[in-house]
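Visitor: Dropping the structure in here first, questions after.
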Amino acid sequence: MSSGHENRPAIPRHIAVIMDGNGRWAYRQHLPRVAGHRRGAEVVREMVQSCVDLGIPFLTLFAFSTENWRRPALEVRLLMNLFRLLLRREVRKLQENGVRLRIIGDRGALDRDIRQLIEEAETLTRANNRLQLNLAVNYGGRWDITQAARAAMAAVQAGEFAPEDLSEAHIARHLALADIPEPDLLIRTGGEERISNFLIWQLAYTEFYFTDTLWPDVDRAVLEHALHSFAHRQRRFGRTGDQVLEADCSVSD
Ligand code: IPE
Ligand code: IPE
Ligand code: MG
């Protein structure tokens, strides 16, 4: 059931996903962890297609966290190679599908050729508006807030405003994804129920959906379950349930 009202829209505009469980999927098949990441990359392709089909305009996927550098060097290298492959092979398909690709995260630590591929892909797909796909690579919520604070401090130093006038808006405007709506729905696969330093500021009022399904096993049905769950929630943003119902009624009047 869906109301389509501002407080309870049928379909989220922005879905964020913590794609977890690739390693466990691989262990279960007696395969190396990278096989899980490879299968995971295929699921990314399917997920993008589903969002295009459903008319969801923004999708943000957590691919590599600032903490994932702690993994064995070989796994990190294989993950980066997979990312390279995706940037080389998939971008044309994204372009044909009207998908705009953006990478969020600290690029400084990525290999130079990867940074180059990112810039090319972002430039090529810049004008597309069917779906904006944000891939979080070397991304951390704390990094994001810190770099936004740094930008706000620079503005103070430039005399744009006084330190005591610092507001939430001064930070928010420098965050990754500042120019798009905050996520309506966060999906985490793989059974863990934590944020793992994903979009901590932007998820302040996001609805969470956790599933035990491992990312490489995710299919359209999992997405539909999450959307069904989302459609039945009342988003109150601090108000009472009655206030929200009243606002809904006045919208439909
Ligand atoms: C998520 O799967 C992918 C990345 C973090 C890159 P994992 O690799 O974390 O899979 P599990 O949690 O070990 O099963
Ligand atoms: C979160 O998964 C990061 C990504 C999906 C890229 P992790 O598997 O790294 O998270 P933790 O370490 O279990 O919290
Ligand atoms: Mg994991």
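Any Cβ shown, glycine's included, is placed from N, Cα and C.
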Visitor: When TrEMBL marks a stretch as coiled coil, which of 23-50, 107-134 is it?
Guide: 107-134
Visitor: Report, as a single number, how many Cβ atoms besides its own are within 10 Å of the Cβ of Gly21 (substrate binding site).
Guide: 24
Visitor: Cβ under 6 Å from an atom of ligand 3: which of these recorded positions qualify? The list is Asp20, Trp25, His37, Arg188.
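Guide: What lies within reach of ligand 3, judged by Cβ under 6 Å, is Asp20.
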